[in-house]
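*Asks:* In case it's useful when we look at the structure, here is the feature table from Swiss-Prot:
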type	residues	note
REGION	1-28	region 'Disordered'
TRANSMEM	41-61	transmembrane segment
REGION	80-99	region 'Disordered'
COMPBIAS	80-96	compositional bias 'Polar residues'
CARBOHYD	ASN90	N-linked glycosylation site
TRANSMEM	120-140	transmembrane segment
TRANSMEM	155-177	transmembrane segment
TRANSMEM	189-209	transmembrane segment
REGION	216-257	region 'Disordered'
CARBOHYD	ASN226	N-linked glycosylation site
TRANSMEM	278-298	transmembrane segment
TRANSMEM	307-327	transmembrane segment
TRANSMEM	382-402	transmembrane segment
TRANSMEM	418-438	transmembrane segment
CARBOHYD	ASN448	N-linked glycosylation site
TRANSMEM	453-473	transmembrane segment
TRANSMEM	488-510	transmembrane segment
TRANSMEM	522-544	transmembrane segment
TRANSMEM	553-573	transmembrane segment
REGION	592-613	region 'Disordered'
Amino acid sequence: MVLNSTPPASPGAEAQQRPPRYPGEDTAPTSRKEIWGWYAYGIAAEVFAVCGVGSFLPLTLEQLARERGTLLSSHLPCVGSSSPSTAPGNGTTTATLRRDGTDNDQCVVSVLGLQVNTASFAMYTFSLAVLVQALTLISFSALADYENNRKTLLLAFGFIGSMTSMLFIFIAPPVYILGSLLVVIGVTCLGSSFVVLNSFLPVLVANDPSIQTAHKEEGEELSPVNSSGEFARSEDLDEENVRDSDDHFTTGHGLKTKAAGSASPELQLSTRISSKGVGLGYCAAVLVQILSILMLFALSKTSLPKISGTLPMRFVLLLVGIWWFSFTMVSRRWLRDRPGPPLASSKGAASNSRWRIWLRLIGFAWKSLWKTVKVAVKLREVIVFLIAWFLLSDAMATVSGTAILFARTELKMSTTAVGLLSITATLSGMAGAFLWPVVSRRLRLKSNHTIMLCIALFEVIPLYGMLAYIPLFKKWGVIGLQQPWEIFPLGIVHGLVSGGLSSYCRSFFGLLIPPGSEAAFYALYAATDKGSSFIGPAIVGMLIDATGQVRSGFFFIAVLILLPIPLIWMVNAEKGRQDGLAMADILEKSHGEHASEYGGPSEEAEGLLARDI
């Protein structure tokens, strides 16, 4: 197996290396350059997440379909000289759209023989993309932990995803369906690459010289998991049998850290690196979003919008793709391979043996997730919270997609204005991550009470949009998201609430997990998140098709946001913690009963999905 040839961080670094736990493991001390290689991918991909998925991809998809669509009643083109009216907007041309709901004519496009509203087309596309992403994450979670697959998959997802963004420059309205396919591939690559990227973090931390020094000072041995230097696979979970670790759980990299509750050096370093990575990613996204707005403004002064209303946005997606590709190249150069254990195969086996092993790993990933579900069902507080998280994560994803399309179609906002809205929400989200701990501390709120407060504020968004159905406000032409400026305060609310919900839900769930089973249960947490987020957009898309208005989706969203509140209130954190500890005792008793099937590390066998947190 060929290892990365990056030199050690210092001349004496080799002396600080911990013993390898399997043939071919790279235990070279983590260098500053390698950490920046890890940061570089976050800087690369977060731009696509915010500027692409969160802003311009929904707009581009809707506009591509619109330029190919016809009005439902007259069958006239939605866009063009023969359409009843047009409204320019910084490089795009928009057909007749309602702001007050009085015009029931809608722009539809034929998809698989069905007449679909152009806004619904975008919602359905993202719903499908999230579903494919969830299936991909679960299926490839185990495979990525072996040999050089970790870095190989990271680069593959990064390069393929960036190419999908760049290829939008060639997607003209006649082939708008191909744009939908590119979105599915791009979103899948984005989510999958972040999961693989997160899997590098424990490896970087475990090999950091400061961690090894700290363990030596504490007299802790940097030893393999077992005496043979092999890893134990995660245990099979059944009605009586649940995996657990000892009082110290293994990080999956040969280091033993204290159980949850103590601030280990690994946890402190991991948190510090992760926080900086998130911050750098968001800063890069805001920077590129500003550049995109300037580009749209400049291109609106040219003849490009006359050729196609989507061309300026497609140039923005080209910029986003180039950015993603370029910084992925930096990660390719600076990140070491850090290979996992070799795939077990029989001597002299045919080449197709490797494919059989890969298929077994994919099956194992699904089997492992299902067994974790069966264990979670026995923990009442865990299952109640996961149901609430299922609904809440779906609501968050649905609001984001609906808001962008509502701003574009119902409010007739220009592409530049939508970009500014995205920047507003992103900056507010960064502020919310810091603000909510202060609010919680000042008001002396429990974690679940803070989550409920966030949800209550989140409910303001759809309720405010529904005010436009009240005749008095409808007559005024203001209040209830009837004017473009009204959506910006709600964008601030959305950002602040999303920042709080993401951090508090994750930490609150951590209180309920049996100590030592963090990887398996966070895999279930991530699968619940990814697996639910395709439902809401699909339902909103159907409502848009039925009514011809994006605003009608607010009724469903309002109910969806409210449903988790009683469930969160029902969760007893202290009881959940005690149940988790009791389950941990069962885990400890069953630890080591089953032999390793693949020869992979215990945590890594849980799958990379556990690290998408």
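For all residues, glycine too, the Cβ spot is worked out from N, Cα and C.
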*Asks:* For the transmembrane segment (41-61) and the transmembrane segment (155-177), check the count of CB pairs under 8 Å (sequence separation 6 or more) and say whether it reaches 3 or more.
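*Replies:* Per Cβ check, the transmembrane segment (41-61) touches the transmembrane segment (155-177).
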*Asks:* If you count every Cβ pair below 8 Å, which range out of 307-327, 453-473, 553-573 shares the most with the transmembrane segment (488-510)?
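*Replies:* Result: 453-473.
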*Asks:* Restricting to CB pairs under 8 Å, which listed stretch, 120-140, 189-209, 278-298, is in contact most with the transmembrane segment (418-438)?
*Replies:* 278-298
*Asks:* For ASN448 (N-linked glycosylation site), list the number of other Cβ atoms lying within 10 Å of its Cβ atom.
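*Replies:* Step by step: centre on the Cβ of ASN448 (N-linked glycosylation site), count other Cβ atoms within 10 Å, giving 21.
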*Asks:* What stretch, picked from 155-177, 189-209, 278-298, 307-327, 553-573, has the most CB pairs under 8 A with the transmembrane segment (382-402)?
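*Replies:* It is 553-573, which has the most Cβ pairs under 8 Å.
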*Asks:* Under 8 angstroms for C-beta pairs, at least 3 of them, ignoring pairs fewer than 6 apart in sequence. Is the transmembrane segment (155-177) in contact with the transmembrane segment (189-209) by that rule?
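*Replies:* Stretch pair touches.
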*Asks:* State the residues, same chain only, that lie 6 or more residues beyond the ends of the transmembrane segment (553-573) and have a CB under 8 A from a CB inside it; answer 'none' if no residue qualifies.
*Replies:* 381, 384-385, 387-389, 391-392, 394-395, 398-399, 402, 406, 446-448, 451-452, 455-456, 458-459, 461-463, 465-466, 508, 511-512, 536, 539-540, 543-544
*Asks:* Against which stretches of its own chain does the transmembrane segment (120-140) lie, if we need a Cβ under 8 Å and a gap of at least six residues from its ends?
*Replies:* 53, 58, 61-62, 65, 109, 111, 153, 180, 183-184, 186-188, 190-192, 195, 362, 365-366, 369, 397, 401-402, 405, 526-527, 530-531, 533-538, 540-542, 544-545, 607-609, 612
*Asks:* Using a Cβ-Cβ cut-off of under 8 Å, list the residues of the same chain that are 6+ residues beyond the ends of the transmembrane segment (522-544) and lie near it.
*Replies:* 117, 119-121, 123-124, 126-131, 133-134, 137-138, 141, 191, 195, 368-369, 372-373, 376, 386, 389-391, 393-398, 401-402, 506, 509, 513, 550, 552-553, 555-557, 560, 606-607, 609-613
